[in-house]
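**Q** This structure is in structure tokens; I'll ask about it shortly.
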Amino acid sequence: MKACEEKQKNRPAFDRDYQETVSEYDRGDAKKAVLFWVILMILYYAMGVINRIYGVYLGLAVNGILALYCVLKGYRDKGGIASVGFGKKKAKQSVILGILAGLVIILINGGAAGFLSGRELAPLNILIPNFFYYMVVIALTEEIIFRGYLQTRIYGWISRPLCAVAVTGVMFMLMHIPFQAAVTGSSLFGYLQGNRFTLGMTFIWHVVFDALYRKYNSILAPTLFHGLMDWSNCLFI
């Protein structure tokens, strides 16, 4: 951990507001964030067990409650709601960046792959619900939780940006294990071993999402990009 420590004044960031925001957090803030992550992991595992046994998916409710907690915590925290990425400054630039980056990934990941494989575009009754699901239930909630809340508070413990991003990236990667492992009846380690490539890509995407967030200290760009990227996988049938 010591190798990752550095004085607060030396913390570089893409956006000055982001730098000022993370410089306000201390070890107490970081510990609360890590405890929140542990609770999240337990809830996701329980959610997976319930889904496997009873066939009930609680993703919308659980993610919504967790994200709402982060927003309310940010509202009462140092910096207000802007501390979780909902500031008004540079919001327009962040939206434009997120849409442009999302369109690129749609063309590459969705359009090109779909047309080249000869598949058909999915009907609207599939595209529209999927858009809402991936943009709100998945992208918005995950961005609030990880890039808005956890990533910023972890600077209170690890001040060097690359180390902070890496640690939160591992947390983001591990977050995807409990639910899937519980649903499939696998052990946590067994699921990790069998899905190393997918989990590795999850870590890489965290780095991308975080860069989009830090660019304008806004949750809008990573949310739009994240949602459009996931949605692009379901454009064709």
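Cβ atoms here come from the backbone N, Cα and C positions, even for glycine.
Feature table excerpt (TrEMBL):
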DOMAIN    127-231  domain 'CAAX prenyl protease 2/Lysostaphin resistance protein A-like'
TRANSMEM  33-50  transmembrane segment
TRANSMEM  56-75  transmembrane segment
TRANSMEM  95-116  transmembrane segment
TRANSMEM  131-150  transmembrane segment
TRANSMEM  162-183  transmembrane segment
TRANSMEM  195-213  transmembrane segment
**Q** Which stretch, 33-50, 162-183, 195-213, tops the Cβ pairs under 8 Å count with the transmembrane segment (95-116)?
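**A** The stretch with the most close Cβ contacts to the transmembrane segment (95-116) is 195-213.
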**Q** So, taking each listed stretch (56-75, 131-150, 195-213) in turn and counting its Cβ pairs to the transmembrane segment (33-50) that are under 8 angstroms, which one gives the highest count?
**A** 56-75
**Q** Six or more residues beyond either end and a Cβ under 8 Å away: which residues meet both conditions relative to the transmembrane segment (195-213)?
**A** 14, 18, 85, 94, 97-98, 101, 143, 146-148, 151, 165, 168-170, 172-173, 176-177, 180, 219, 221-222, 225-226, 229
